[in-house]
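Marked as active site, proton acceptor by TrEMBL: Glu111. According to TrEMBL, the feature substrate binding site maps to Thr33, Gly34, Ser35, Thr36, Asp89, Gly90, Ala91, Asp92, Lys102, Gly103, Gly104, Gly105, Lys129.
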Amino acid sequence: MPAELSPIDMAKFVAARRAVDFVEDGMKLGLGTGSTAAWMVRCLAERIRAEGLRVTGVPTSTRTAELARDLGVPVASLEQAGWLDLTIDGADEFDAELNLIKGGGAALLQEKIVASASDRMVVIADAAKEVARLGAFPLPVEVIPFGWQTTQALIEEMLAGMDVDARAVTLRKSGDAPLLTDEKNHILDLHLKRIGNPRQLAMMLNQIPGVVENGLFIDICDAVVVGHADGRVTVRDLEGVQEGRVDPGLVRNIFADPGN
Ligand SMILES: O=C[C@H](O)[C@H](O)[C@H](O)COP(=O)(O)O
């Protein structure tokens, strides 16, 4: 186990540990991507080890698939699993209506497909991800490489008529080359500062030729679990907020197995 977790990692662990309580024996689960989702995979592996929990996980990226396999979480493709009971994933931003920006780790396409194929999507996050208005985090849009410059120009033209505070669009790079997603597409990041109407923007983006998917998750998330470094945890859904606590010391169990 690392000597001491940073407060942000502890908050992510606390959120992940609480969300994994929603998992029941026999469930088919969507496994999200990113640093917070990685905590969820670790917590899930620990429950599998400690309780003999039986689950099938559908990873939303090659990174998550690798981590799950390494930790002994059984994985299947979405095609093999079919409909899922629950997806647990991170987010870059969430608002009071539980709408999200996702894709900071370039996994938005698979994440949206998997979340949409689930009875329930639960987001895990630290408190810094909560915003009054979506848009401070650059909005990722996955585009096919063919003619991506034209797709970018069409997005810029569309943004001219939208209620946003900024309109810069940049191609995400990995080193000097355009980043390639798991599906071998590129990511355009939309620097909007504030999105006035996320629902409308999500629909408009997906009408542009060359756009595969955008990182706005509208009406997909059912609950957000927010963790704090001191162990406090809040579970928020559209009905209300539930306060709780996770013992931060439980993080030791995660690292009890040398495999972790
Ligand atoms: O593409 C990546 C995903 O949408 C992540 O879930 C999101 O970027 C949050 O990642 P993290 O938990 O590392 O902040």
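Count begins at 1; order follows the chain as displayed.
Cβ from N, Cα, C; glycine included.
Automatic, uncurated: that is what TrEMBL annotation is.
Feature annotations (TrEMBL) mapped to structure.
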| residue | record | Cβ contacts under 8 Å, 6 or more apart |
| --- | --- | --- |
| Thr33 | substrate binding site | Pro59, Thr60, Ser61, Arg63, Thr64, Asp89, Gly90, Gly105, Ala107, Gln110, Glu111 |
| Ser35 | substrate binding site | Asp9, Lys12, Gly90 |
| Ala91 | substrate binding site | Leu100, Ile101, Lys102, Val123, Ala125, Lys129, Phe217, Cys221, Val224 |
| Gly104 | substrate binding site | Gly34, Asp92, Phe137, Pro140 |
Task: Among Thr33, Gly34, Ser35, Thr36, Asp89, Gly90, Ala91, Asp92, Lys102, Gly103, Gly104, Gly105, Lys129, the record's substrate binders - longest CA distance, Å - done: 16
Task: binding-site residues whose CB lies under 6 angstroms from ligand 1, from Thr33, Gly104, Lys129 - done: Thr33, Gly104
Open item on the list: Let me make sure I understand the structure: which of the binding-site residues listed (Lys102, Lys129) has the fewest other Cβ atoms within 10 A of its Cβ?
Closed with: Lys129
Open item on the list: Beyond the listed site residues Thr33, Gly34, Ser35, Thr36, Asp89, Gly90, Ala91, Asp92, Lys102, Gly103, Gly104, Gly105, Lys129, identify every same-chain residue whose Cβ lies within 8 Å of the center of their Cβ atoms for the substrate site.
Closed with: Gly32, Ala37, Ala107, Glu111
Task: DSSP-derived class (H/G/I helix, E/B strand, else coil) of Asp89 (substrate binding site) - done: strand
